[in-house]
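**Q** Here you go, one structure.
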Amino acid sequence: PETGRLALYLLGLRATCPPPDPSPQRFPVTWLKYYLEKDWAGSRRHGHPLTSYYQYSLGVLALCVHRKRVREEVIQRLLVAERHRRFGHAGGSAVDTEAVAALAFACLEREQLVGARLAAELRAAVRGTRARFVAAQSRDGFIGNVFSTPLAMQVFIATNTCRMQPAYSRAMAALLQRLDAFTSAAAMAQVLPVLHGRSYLDIASMQCREEPDTLTPLVLEPLPVGPGNVVVRLVVECPAPPCPQHLLYDRPVPALAGASLLDLLAAAPAQGTRNFTFETQDTPQGPFLTSVLGLAARPQERHYWQLLSGLGTSLQMGVADYRPEDGETVILRLSKW
């Protein structure tokens, strides 16, 4: 199900001040409600949504911003997952998912789309999320990582606690030092509201006024490739049961200085008689690695290709944005969230 993609579309549609006639919005809203139910059908077999709790939370948030009621059962599914800390995945941060769920909870209460008892449960869940964010803040000021920090900050903004929370000020100071990391449209959409002291919840109460159409498309020039060459060690690991061996690939890969990881994968040489192959899928966040050496990451089995440094830490960027340096090691690992 296209839960997350449709939710983003509806958030964007509301933010652009659509015409007063709600007819064009009814069709995607109906489909989103359908996708939420189809998405959750996976829980009967897998114990989690077919997509992810992030997309599921985003769907609830989008419906709330459009002031559409959500069945209590749908909300309770997220509350149960939040109470039992099911938002995380192996070796990764759950901050982004927790933040989107908390924004959905705060929206449902603010728009008075739930009863008093459920509203109290939602407030308690949001308070718990804020406390975890404060405790999880690293010394450099980020909450989770640089990309999840804006979503976490939106929770403080949406609940009017940013001014009284020192963690928010530290996160803002850290964020302002790393704005160059936000290169994709989806990442920019997360950070721009924070820079203006807003959250996704503000979309619901926007006062749409007649504005001149002064927007012009911005064509971004590709980042220049530096002079000379680099050599990056590329490693592919598969500790999961489907793989016959743990180490599938380990070769030095020469590339132009400043080349992206995506360029590096395209230049990777064969190992023995086996060519290096990979596949990607276009997403709002940029190309997403879906298959390496013929091994596909199966979302229904909660598998994904994790991008790691030689020290085993997450690269925190996608294949099109990350630019390895000379002598660096990059690990592609089939992991489970």
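Sequential numbering from 1, following the chain as shown.
Every residue, even glycine, has its Cβ placed from backbone N, Cα and C.
From TrEMBL, here are the annotated features:
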| type | residues | note |
| --- | --- | --- |
| BINDING | T51, S52, Y53, Y54, Q55, D96, N145, Q190, W305, Q306, L307, L315, W337 | cyanocob(III)alamin binding site |
| DISULFID | C64-C107 | disulfide bond |
**Q** Going by a 10 angstroms cut-off between Cβ atoms, which of the binding-site residues T51, Q55, N145 has the sparsest surroundings?
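**A** Output over binding-site residues T51, Q55, N145: least Cβ neighbours within 10 Å is N145.
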**Q** Quick one: of the binding-site residues T51, Y53, N145, W337, which has its CA closest to the CA of C64 (disulfide bond)?
**A** Y53
**Q** Provide, as an integer number of angstrom, the distance between the C-alpha atoms of C107 (disulfide bond) and L307 (cyanocob(III)alamin binding site).
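**A** Per the Cα atoms, C107 (disulfide bond) and L307 (cyanocob(III)alamin binding site) stand 33 Å apart.
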**Q** For W305 (cyanocob(III)alamin binding site), just count the other CB atoms lying within 10 A of its CB, please.
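**A** Result for W305 (cyanocob(III)alamin binding site): 22 neighbouring Cβ atoms inside 10 Å.
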**Q** Given the binding-site residues Y53, W337, which one's Cβ is surrounded by the fewest other Cβ atoms within 10 Å?
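**A** The binding-site residues Y53, W337 were compared, and W337 has the fewest Cβ atoms within 10 Å.
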**Q** How many other Cβ atoms sit within 10 Å of the Cβ of L307 (cyanocob(III)alamin binding site)?
**A** 19
**Q** Give me the count of other Cβ atoms within 10 A of the Cβ belonging to C107 (disulfide bond).
**A** 25
**Q** Have a look around C64 (disulfide bond) and count the other CB atoms within 10 A of its CB, chains all included.
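**A** Taking all protein chains shown, C64 (disulfide bond) has 26 Cβ neighbours within 10 Å.
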